[in-house]
């Protein structure tokens, strides 16, 4: 019989998962107390042989079965056991898995050879073995306790969305230690194509974080298998959940598990990344969620994102399906990379959003962040694709009369404000410098050209991810924030004579008119007559344009060195019925001088904002003591909204996600409800809330709560 699981689990940092079952980490000893009925264990006379097995086909040669005895030196097994104490009827022993052992569920047996010649076999039970970022010999070792607490133990966080000029934190409940999540994570490994094809080899390879991360990455999406999530970028979510409604991973994983591992509808990039973060942290691999603003998707590997505009400044779709996403979200996982040259371990990019194939399946990575910065695109896995997400150039084209005219090439518009949550803080960390050298620097251009040469030479070995995920939707990467392309490239940049720029007059709040001006400045010593076509259209966060809903034409005459403003207004009634869930509007201006064929293009992406939900904790939060929580919400629109539903969750605070059906809310209505709960875990916790209706899907709020131990 094992000593109390709680003692082992506390030492192995798994008590948050359970104290009722044995969960330990490789490379670290755990204790067992063996009780004997008739007499005690006699060292030198008796021998205890331990057997551990994992997977359906345990095999000594593959390392999924091990046989070892007490303090037997020169044992061929990397598993070891030794005697701690020996009493009249009980014996305490320590066991230790090697730091390279396969993770997963194990069966533990013992054989006792007595000096009398009898052999007795016992099956002691099961235990789960996890990666160990506290063990220096483990490939996922992280030499910082604050980082281990953040990237392994923290069960909530923020995912950054919006645009580079309006970055907003989206609260998320990772919940990696919630009930049944560890079982779901192990089921996910067993549902992979690798396990289904060759379970013996798959289980043997589960000692490698590189291998496990690729398996998990492929299983988060459902493109090749019954993975966790179906992706949907169509704006039609009638048979599932709008991706913007989710506030945590637990409900998604439990739904997948409860329905016999049927994919959950629906997810987009931040949902894929958040669920993968939950699984990886649960398995013990340090993981964080990364947002890349103005994220490029280069479909042909030339490191150029082509964008096409008509003569009104409206962005068009393109055959190549190159896109710049407002934002795109992926993961970084910490691990050694013995398969790469020295220096390329550490943070690795893994992208579970199903964009293109990697070695025949929809997954991406692990790609070394250092390799991306150095332009080493020939290193595994999928490094060329990730490099293009943060470092591609953008080419803008005017399409008119069946011809394409080059407007502008921008070397710095892709890959901005790469963000993640700070360590043990709610602040945002900008980690752009981890991915690339400063834009415009000689070093940055040298790395770009090196990567381009390697791609042209075809010297990269990882399989470029080929087919489009959905023909109707550009594959994932994002474009956002007021991006400005001005000055035509057909004339030298040092003789540009007119500039255009948009400026918002008021914060762009949902339900209100959008007021802005077009700033025109004549930098020359000559008069200029401009004709400017203006337009507005909604965008999806993956850069896909919707139909224009507003157009205008401005005629502006500028004296030498003169600046003028042209006022514009888009009313709520004009944009409300055309707005996507992403709440993005691109305003564009394409200007031309009467005396010149040259064009000037400028655009700005506006992200409309909602008021957030307010959460108040009424009284002190104590484990196993009732707690009242007030949630204050409002309808920000000047029209009635229907089918309003409020969801509230929080690991350690609520056993399951709470849903409150609010029904109809009148225009500008403000209301509140009181929820009762009983916290069951101590420490720092977070409450996440979301309200949806027939007019909006993601009004969010959060509140951090510290839960004390019961007195």
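Along the chain as shown, the residues are counted starting at 1.
The backbone N, Cα and C atoms fix where each Cβ goes, glycine too.
TrEMBL annotations: computationally assigned, not manually curated.
Features of the protein shown, as given by TrEMBL:
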| type | residues | note |
| --- | --- | --- |
| ACT_SITE | 269 | active site |
| ACT_SITE | 328 | active site |
| ACT_SITE | 351 | active site |
| BINDING | 391, 393, 439, 444 | Ca(2+) binding site |
| DOMAIN | 261-354 | domain 'Transglutaminase-like' |
| REGION | 459-490 | region 'Disordered' |
Averaged pLDDT score, the domain 'Transglutaminase-like' (261-354): 93
Neighbour-count leader, CB within 10 A, recorded positions: 351, 393, 439, 444: 351
Local Cβ density at residue 269 (active site) - other Cβ atoms counted within 10 Å: 30
Neighbour tally for residue 328 (active site), based on other Cβ positions within 10 Å of its Cβ: 33
Close recorded positions near residue 328 (active site), where close means Cα within 10 Å, chosen from 269, 391, 393, 439, 444: 269
Integer Cα-Cα distance in angstrom, residue 393 (Ca(2+) binding site) to residue 351 (active site): 21
For the domain 'Transglutaminase-like' (261-354), the number of residues DSSP places in helix, strand and coil: 15 helix, 41 strand, 38 coil
Alpha-carbon spacing, residue 444 (Ca(2+) binding site) to residue 269 (active site), which is rounded to whole Å: 27
Residue pair residue 269 (active site), residue 439 (Ca(2+) binding site) - Cα distance, angstrom, rounded: 26
Neighbour tally for residue 391 (Ca(2+) binding site), based on other Cβ positions within 10 Å of its Cβ: 26
Listed in sequence order, residues not in 391, 393, 439, 444 with Cβ within 8 Å of the centre of the Ca(2+) site Cβ atoms: 392, 411, 412, 414, 415, 436, 445, 448
C-alpha spacing of residue 391 (Ca(2+) binding site) relative to residue 351 (active site), in angstrom: 17
